[in-house]
Amino acid sequence: MSLPDKAFPVSWDQFHRDARALAWRIAGLDREWRAIVAITRGGLVPAAIICRELGIRLIETVCIASYHDYTSQGEMQVLKGIGASLLENQGEGVIVVDDLTDTGKTAAIVREMMPRAHFATVYAKPKGRPLIDTLRHGGLTGYLDLFPMGYGLHLSGADCWRKTRLNETK
């Protein structure tokens, strides 16, 4: 699939810079963090970068499947939950990290599990923005048509871009 005129391709270098900038914003909050929870799979890379920048050693994952056919969000399904020790105190002192908050459905499910956790994402669309505490880029309306899955890199060499709907108001 070729990129449309309004594509927002993200290189690994740009993504790394944006994730580091997100880490610096979180560092500016001057809080003690006990762990990071990465929303898989997209949150794994920014979580690793943020952990490194902030000196956090405990990393957990939560896996929620939503893009079953890689083109549109389907029914949400929790494939792997969060360990009990991080759920204590409703997630206080935990940073939840994802690469992109699209509709906010995934963040809402994790927010129910950890209402006092701090939610951070590298990129956010307007619909998902209210669920995020700290982000690098928000309000991606108007120029983000496609978001890279694997950031445009795939072992087969194929283009891997997930179509996303910009002006969804439902």
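From the backbone N, Cα and C atoms, a Cβ is placed for every residue, glycine too.
The feature 5-phospho-alpha-D-ribose 1-diphosphate binding site is assigned by Swiss-Prot to Arg41, Gly42, Asp98, Asp99, Leu100, Thr101, Asp102, Thr103, Gly104, Lys105, Thr106, with sequence analysis given as support. Summarising the annotation, Swiss-Prot assigns Mg(2+) binding site to Asp99. Look at Swiss-Prot and you will find Asp102 tagged as guanine binding site, backed by sequence analysis. What Swiss-Prot lists as GMP binding site is Asp102, Thr103, Gly104, Lys105, Thr106. According to Swiss-Prot, the xanthine binding site annotation covers Asp102.
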For this session: Compute the C-alpha separation of Thr103 (GMP binding site) from Arg41 (5-phospho-alpha-D-ribose 1-diphosphate binding site), stating it in Å without decimals.
Result: 16
Problem set entry | Least surrounded among the binding-site residues, given as Thr103, Thr106, when other CB atoms within 10 Å are counted | Thr103
Exercise. Based on Cα coordinates, which of the following binding-site residues are within 10 Å of Asp99 (Mg(2+) binding site): Arg41, Lys105, Thr106?
Worked result: Arg41
Exercise. For the binding-site residues listed here, Asp98, Asp99, Asp102, which shows the highest count of neighbouring CB atoms within 10 A?
Worked result: Asp98
